[in-house]
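For reference, the structure discussed in these notes is given below.
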Amino acid sequence: MMRTLITIHPLPLLLLLQQLLQPVQFQEVDTDFDFPEEDKKEEFEEYSEQFFSIGPTRPPTKEKVKRRVLIEPGMPLNHIEYCNHEIMGKNVYYKHRCVAEHYFLLMQYDELQKICYNRFVPCKNGIRKCNRSKGLVEGVYCNLTEAFEIPACKYESLYRKGYVLITCSWQNEMQKLIPHTINDLVEPPEHRSFLSEDGVFVIPP
């Protein structure tokens with residue numbers, strides 16, 4: 001019977017045999033995997049890097065700062081659950097651990113970037129030089145209160161309206177200074193008298 005089929009229909013059988021023996025990588029495979037859209041590519045790469053990288057993290061980019069730090073009007077900034085909601089929604093963490101503190105700022109990126117060209121002032125946590133905003137900015141300070149690993153992180157949310165202190169770094173691709181970290185959001189009533197003789201804003205240790 002098999003000999004008869006081979007004799008009568010040699011070509012179709014050869015094609016079928018070739019298909020069966022063809023390496024898997026050359027066959028068409030239908031999958032349900034969804035690859036990241038173009039506007040999600042950086043976020044996907046950042047997620048992979050945080051969990052699988054063993055080297056130093058990449059410096060922050062414009063899109064990362066916009067996504068993780070800058071906020072739009074919506075939930076009231078004085079809401080008790082603001083930080084818990086936003087930190088989880090914006091995936092603010094380092095590898096699989098909670099961040100000890102974080103700031104959300106109600107401002108545009110261009111306004112934040114301009115601060116990089118303001119005068120230097122002292123800042124907290126042993127950092128010698130920060131750039132300070134000229135005007136007051138609304139934001140939320142998030143302070144870790146419970147747990148150390150995601151997703152159990154719990155934060156205290158503190159509304160602030162004050163001067164933003166940031167550090168900046170030079171980005172070769174853009175040939176510009178860009179915001180690197182938010183060091184503090186200093187409310188003026190508490191530090192109103194801390195001005196040096198030349199008008200430089202000074203924060204006590």
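For all residues, glycine too, the Cβ spot is worked out from N, Cα and C.
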*Mind checking which of C98, C116 has the disulfide with C153 in Swiss-Prot?*
C98
*Pick from C116, C123: which cysteine does Swiss-Prot list as forming a disulfide with C168?*
C116
*Given C130 (disulfide bond) and C168 (disulfide bond), what distance in Å do their CA atoms have, once rounded to a whole number?*
8
*For the disulfide-bonded residues listed here (C98, C116, C123, C130, C168), which one has the lowest count of neighbouring CB atoms within 10 Å of its own CB?*
C116
